[in-house]
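If you check TrEMBL, you get these features:
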REPEAT    36-69  repeat 'TPR'
DOMAIN    160-249  domain 'CS'
DOMAIN    270-360  domain 'SGS'
Amino acid sequence: MASDLATKAKEAFIDDHFELAVDLYSQAIVIDPQNPELFSDRAQANIKLKNFTDAVADASKAMELDPSNPKSYLRKGTACFSLEEYQTAKTAFEAGSKLAPGDTRFTDWIKKCDKCIEIGEVPTQSSDATLTNAVAPSSTTNDVEEVMNISSEVIPTPAKPKYRHEFYQKPEEVVVTIFAKGIPANSVSVNYGEQILSVTIDVPGEDPYTFQPRLFGKIVPAKCRYDVLSTKVEIRLAKAEAIHWTSLEFVKNSSVVRQSNVYTAIQRPSYPSSKPTKDWDKLEAQVKREEKDEKLDGDAALNKFFRDIYKDADDDTRRAMRKSFVESSGTVLSTNWKEVGSKVVEGTPPDGMEMKKWEY
């Protein structure tokens with residue numbers, strides 16, 4: 001059954017029906033999830049659709065299932081190159097070149113990566129065409145569909161919202177939390193690129209969950225890690241630069257703010273308003289100053305006097321005040337612990353009034 005679906009998917013791919021090909025490969029993978037060829041071929045279809053993050057995930061899975069197939073390394077490298085992940089792409093091409101030393105496609109791609117790493121930009125369309133003509137024909141060309149016309153426009157495919165996720169950040173790292181409860185650790189696979197996060201949760205008997213964003217900024221894969229906890233999967237991404245991420249996913253033409261290593265005071269949240277902004281810290285200080293300077297009369301002044309005594313008193317004085325006040329039903333307030341600590345303080349009602357015993 002899986003082989004029949006794979007055959008139909010290849011036919012759809014040849015006819016340029018790439019979305020249908022991805023759908024058919026996905027159905028085949030459900031039936032045969034350990035077949036590396038299915039993941040590798042779906043990666044190529046995703047490349048044609050410019051779903052580069054999906055292509056990276058598929059190629060990585062194919063490499064995991066069969067590390068000896070150079071085709072998967074070529075496709076991962078191609079997808080990473082399209083995402084401007086030149087160092088990650090070069091690493092994949094170098095690994096594939098070792099498996100297929102006679103295939104000049106790997107060496108040509110490695111040269112392209114080196115050039116982009118050096119000058120920091122994507123080659124022009126004309127240079128792509130020149131490279132395409134320079135590639136020697138191979139008997140496996142149909143198996144390894146090269147994508148040389150790279151588009152700088154990346155259109156990420158949204159993941160199915162099976163699990164909720166959120167993130168927060170520190171100057172040196174971004175913490176991504178996927179709220180997946182009771183997931184076995186061996187069902188979670190996490191891969192990192194220079195600017196790619198690929199998460200797969202594949203629980204037997206359930207539809208696989210994939211989360212593959214192109215990240216806002218670059219990370220250091222070697223320093224990234226993740227933990228599978230009882231209620232969530234927590235992923236810690238080490239930032240390559242101390243910049244503030246305005247979102248988790250890449251946003252074209254977004255501005256970045258470099259952060260200082262010195263922590264600043266916590267800022268109060270600000271909300272959009274048509275009214276002039278107020279300095280809430282200044283107002284708070286003013287209120288406290290007014291409370292301190294406030295002149296009270298009568299019971300209010302007396303209560304403030306006792307509060308000030310209690311606030312500045314030592315532990316014995318505070319215990320004496322609490323004990324005497326409670327035991328005397330609020331009629332006695334003593335600050336002498338030696339006097340009230342060893343006996344029950346009897347109430348002393350004001351003149352003309354009498355104490356009443358309450359039974360509980």
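Using N, Cα and C of the backbone, Cβ positions are placed for all residues, glycine too.
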Counts by DSSP class (helix H/G/I, strand E/B, coil) across the domain 'CS' (160-249): 6 helix, 44 strand, 40 coil
Secondary structure tally of the repeat 'TPR' (36-69) (DSSP, helix then strand then coil): 27 helix, 0 strand, 7 coil
